[in-house]
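Peer 1: I am attaching a structure below and will ask some questions about it afterwards.
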Amino acid sequence: MKNISILGSTGSIGTQALEVVRDNPDIFKVSVLSALKNAELLIQQAKAFKPEVVVICDEGQYLHVKESLSPSGIKVLAGEDALSEVAAYPQSDIVLTALMGSVGLKPTIAAIKAGKNIALANKETLVVAGEYITALAKAHQVKILPVDSEHSAIFQCLVGEEQNEIEKIYLTASGGPFIGKDRNFLSSVKKEQALKHPNWVMGAKITIDSASLMNKGLEVIEARWLFDLDVDQIDVIVHPQSIIHSIVQFNDGSMKAQMGVPDMKLPIQYALNYPDRLKNTFKRFNFLDYPNFSFQKADLETFRNLNLAFQSLRKGGNMPCILNAANEVVVAAFLKDEIGFLQMSEVIEKCMEEIGFIAKPQLSDYLETDKHSRILAGELVTKNIN
Ligand SMILES: NC(=O)C1=CN([C@@H]2O[C@H](COP(=O)(O)OP(=O)(O)OC[C@H]3O[C@@H](n4cnc5c(N)ncnc54)[C@H](OP(=O)(O)O)[C@@H]3O)[C@@H](O)[C@H]2O)C=CC1
Ligand SMILES: CC(=O)[C@@H](O)[C@H](O)COP(=O)(O)O
Ligand SMILES: [Mn+2]
């Protein structure tokens, strides 16, 4: 039996992970669940899956969750710091980081230090501090098992290829809802349009990131650290069907791709039960449903975020951390109709120009950079509103 902690259990990845657990009661048991503010769903999940402890980060809802769960004997903790406490929960074998944003960094560090393997959905952690996290995982001999569909694809392609050299990888991108659109069109798009991802149903933040191609930018940085690649070994190819989840090209030119219908339950299940595959009833791919696969170049002129992410990775140091923090602020602002779609890149670029560059950041530098970039991005958003 594998004991799983799910940080962010009420979100898109968290709820799908619980479906995987529900379908495999002899294999998985839940130790920890957490939510930011969705107390009702957290209570419902706790009653159904009977973890030992739950965290409600919004402290104002602590009493409600505590009272609702008191007959069950489930321990209830509140506040963001409690995430790091439960990430190190002794009974758990693996921590699924399904939190949204750089808030995932500290609990991931706590889990690694406690020797837990990480099923990593929270890509922002590797974007912010990839060098630090991968070195820490190595030092503590813990595995970082990718959940992100593209990285799970690469990871699966690399099984049995440990001795072989990767020439490059291709991360596939759907292109999002605005594929083929120009900047004139993008200047007036609203969140309702941006939230309509063509192939995946996901949380709001990552869905906006997909629409702006920032998601692919974050994934390029995530791949650099997960697979120890040079930035020039990572390419993005737009594949609107999202069937081929990503591709590895080896040094003999041979390419391996992993494919299947878009369904995050598969990479979640693969990470949680790695290295063994589990039989399931997920929808199977049918070639005849897809007579045409297509591929195209990513439009980096129109979708500047992807370019900014590449630039940040080339520059290194705390630059991806600046990019990520600014992006989290502008996406939240766009979701509140406070700024336009194209202005998101403008604010991020300004933060990358103005926040102090640190070539070799320590953990404290990442935390400070995250804070400063958020403040500046917030000011730039406010200036834009007034
Ligand atoms: N959804 C997907 O298909 C994919 C997601 N990912 C990555 O996985 C991560 C999660 O994505 P997704 O599930 O879509 O996101 P959601 O927004 O659907 O869920 C986020 C979860 O984290 C909690 N949460 C959000 N903010 C905070 C915070 N500040 N403090 C504590 N808890 C918080 C939410 O609680 P509450 O519900 O109470 O708000 C919820 O449980 C992201 O990093 C995303 O990029 C990667 C690949 C695919
Ligand atoms: C499901 C998943 O892994 C997402 O990150 C997905 O890749 C988003 O799609 P695009 O960013 O390619 O539009
Ligand atoms: Mn992805």
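Each residue, glycine too, has its Cβ placed from N, Cα and C.
Note: TrEMBL annotation is automatic and uncurated.
Pulled the feature table from TrEMBL, pasting it below:
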type	residues	note
DOMAIN	4-130	domain '1-deoxy-D-xylulose 5-phosphate reductoisomerase N-terminal'
BINDING	T10, G11, S12, I13, K37, N38, N122, E124, G203	NADPH binding site
BINDING	K123, S149, E150, S174, H197, S210, N215, K216, E219	1-deoxy-D-xylulose 5-phosphate binding site
DOMAIN	144-227	domain '1-deoxy-D-xylulose 5-phosphate reductoisomerase C-terminal'
BINDING	D148, E150, E219	Mn(2+) binding site
DOMAIN	259-374	domain 'DXP reductoisomerase C-terminal'
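Could you tell me the structural context for the features on the list?
Peer 2: The average pLDDT computed for the domain '1-deoxy-D-xylulose 5-phosphate reductoisomerase N-terminal' (4-130) is 98.
Cβ environment of N122 (NADPH binding site): L7, G8, T97, A98, L99, M100, G101, G104, T108 lie under 8 Å away, each six or more residues apart in the same chain.
Sequence-distant contacts of K123 (1-deoxy-D-xylulose 5-phosphate binding site), defined as residues of its own chain at least six apart whose C-beta falls under 8 angstroms from its C-beta, comprise D148, L218, E219, E222. Under DSSP, K123 (1-deoxy-D-xylulose 5-phosphate binding site) is assigned to a helix (H, G or I) in the three-state scheme.
Within 10 Å of the C-beta of E219 (1-deoxy-D-xylulose 5-phosphate binding site) there are 27 other C-beta atoms, taking all protein chains into account.
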Peer 1: Measuring Cα to Cα, tell me the gap between T10 (NADPH binding site) and E150 (1-deoxy-D-xylulose 5-phosphate binding site) in whole angstrom.
Peer 2: 23
Peer 1: Using a 6 Å cut-off on Cβ distance, which of the binding-site residues T10, E150, H197, N215, E219 come close to any atom of ligand 1?
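Peer 2: Cβ under 6 Å from ligand 1: T10.
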Peer 1: Rank aside, I only need the closest one: which of the binding-site residues S12, K37, G203 has its C-alpha nearest to that of N215 (1-deoxy-D-xylulose 5-phosphate binding site)?
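Peer 2: Checked the binding-site residues S12, K37, G203; minimum Cα distance to N215 (1-deoxy-D-xylulose 5-phosphate binding site) goes to G203.
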Peer 1: Are there any residues in the same chain, six or more apart in sequence, whose C-beta is under 8 angstroms from the C-beta of E150 (1-deoxy-D-xylulose 5-phosphate binding site), and if so which?
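Peer 2: Within the chain, E150 (1-deoxy-D-xylulose 5-phosphate binding site) has Cβ neighbours under 8 Å at L171, T172, E219, A223, H245, S246.
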Peer 1: How many angstrom lie between the most widely spaced Cα atoms of the NADPH binders T10, G11, S12, I13, K37, N38, N122, E124, G203?
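Peer 2: The two farthest binding residues have Cα atoms 21 Å apart.
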